[in-house]
Amino acid sequence: MAVFTAALGSLQFGYSLGVINAPQTVIEKHYARSLGAGQHPSVVIYWSLSVAIFSIGGMLSSFLVGVKGMLMINVLSVAAGLMMGLCNMWKPHIMVIAGRALMGFYCGLTSGLVPMYIGEIAPKAYRGALGALHQLAIVVGILLSQVVGLDFVLGNENMWPLLLGLSGAPAVLQTFLLPLCPESPRYLYILLGKEQEARRSLLRLKGAYDPTPDLEEMKREKDEADKEPRISILSLICSSVYRQQLFVALMMHLSQQFSGINAIFYYSTAIFGRAGVSQPVYATIGVGVINTVFTLVSVALVDKTGRRTLTLVGLAGMCCCAIAMTVGLKFLNDYSWMSYVSMAAIFLFVSFFEIGPGPIPWFIVAELFSQGPRPAAIALAGCCNWTSNFIIGMTFPYIQAWLDCYVFILFAGLLLVFTVFIYFRVPETKGKSFEEIAAVFQKGRKVPKDNTELQQLKSSSEA
Ligand SMILES: OC[C@H]1O[C@](O)(CO)[C@@H](O)[C@@H]1O
């Protein structure tokens, strides 16, 4: 129940990502009416802002992960939902832009807090499966928004404010459920030093069992953490102690976004249209379904097959699909069956994405770092994800105009680079304790005898 409750935050993230696509024409018309005739150029600007401001909110807030908890931030989501739902009470374009900005801000925080909380409460053997539920909730949110965004459901003249406003609804449910969920035992013990409360929390999470081994492991981590208290973002960037882990974490997130997945998501309807599909909206919903099914496959496999293998298979598979998509687009006019090649390549591209490169980056960052630097690492990785997502969203139409049918060759090249990087630099974290994972990275690194750098980190974060 704790994981379900937390993942309600991720559901809103996915819903907000997807909801803005279907009702574009209807909302643009509405903006034009409320702005008055003759103001059409500003409609385009207000529309682009309504889409993009969401990522800007996320980029800003991802730095603040750890400052406030999941319960407190729900107020942002409810306020954002109300602003969008009631946008006709004042200037709709301003209300929608403000609501999307606030919702982006909320989602930037959830995209860090949810994997962090799940990673901390999950038993070692299920950490991957439970961690992947964050992505599962995102993709269910996207699918839901695609379905309710159809014009005969809510994506029409009268109902679109409700369509946007509903994005805040899960926050209301989460507000009622969160007080029933146990606090993270690691947070209670390692950061707050409350051993008894941590024990109670473990018992609530795992039922009647002997929590001593878990508490002992946490005690060892606490002893380490006392040497390396909560580390600020700046000291994490400057520190050589965590450089390797940080590099891996950022590359995992870059590979997720620069794989080109959102080029498919944001522009799939147009891409399908170009590939000759007569009802592109339904093909887009088909992508949403495949997306959800393969995230479920990842949930089932990730603790057996491992993070490294699934990420490698996923990225390499996406690379091949990007090449197939290029071939499909290039020869579309010569052979009509090439439209099927493009379609199949898009569906497979998304499937490969969701078995590894989609879900894994979110929770692997929590696995790669111990309690001290974890919030700062999650903040940096989240910001990297949101920023690269924003860059792709803004630049893809221009890159497409420039490279035409060769646009996916660019992503194939990037995917190859990421596959090679992960092959050489990312260790398997499946089934390992946080202590064991840290040890993998410390191996081969020269640790100064007097631990000077850790002492410096400690004093800088205390300051
Ligand atoms: O399912 C696809 C979606 O997943 C994300 O990568 C988040 O993990 C989004 O950026 C993308 O739209």
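Cβ from N, Cα, C; glycine included.
According to TrEMBL, the features are:
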DOMAIN    2-430  domain 'Major facilitator superfamily (MFS) profile'
TRANSMEM  42-64  transmembrane segment
TRANSMEM  71-91  transmembrane segment
TRANSMEM  97-118  transmembrane segment
TRANSMEM  130-154  transmembrane segment
TRANSMEM  246-269  transmembrane segment
TRANSMEM  281-302  transmembrane segment
TRANSMEM  309-331  transmembrane segment
TRANSMEM  337-355  transmembrane segment
TRANSMEM  376-399  transmembrane segment
TRANSMEM  405-424  transmembrane segment
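The stretch in closest packing with the transmembrane segment (376-399), judged by the count of Cβ pairs under 8 Å and taken from 42-64, 246-269, 405-424, is 246-269.
Remote same-chain residues near the transmembrane segment (97-118) are listed as 2-3, 6-7, 9-10, 12-13, 16, 20, 46, 49-51, 53-62, 64-66, 68-70, 73-74, 76-77, 79-84, 87, 130-131, 133-134, 164, 167-168, 171, 184, 362-363, 365-366, 374-375, 378-379, 382-383, 385-386 (criterion: CB distance under 8 Å, separation of at least six residues from the stretch ends). Across the residues of the domain 'Major facilitator superfamily (MFS) profile' (2-430), the predicted structure has a mean pLDDT of 91. Listed by sequence, the residues of this chain that lie at least six past the ends of the transmembrane segment (71-91) yet keep a Cβ under 8 A from its Cβ atoms are 12, 34, 98-100, 102-103, 105-106, 109-110, 113, 161-162, 164-172, 174-175, 178-179. Here the transmembrane segment (246-269) has Cβ contacts under 8 Å with residues 17-18, 21, 142, 236-237, 280-281, 283-284, 287, 311, 315, 318, 322, 346, 349-350, 353, 357-358, 360-361, 364-365, 368-369, 377, 380-382, 384-385, 388-389, 391-393, 396-397, 400, 407-408, 410-411, 414-415, 418, 421-422, 425-426 of the same chain, all six or more residues outside its ends.
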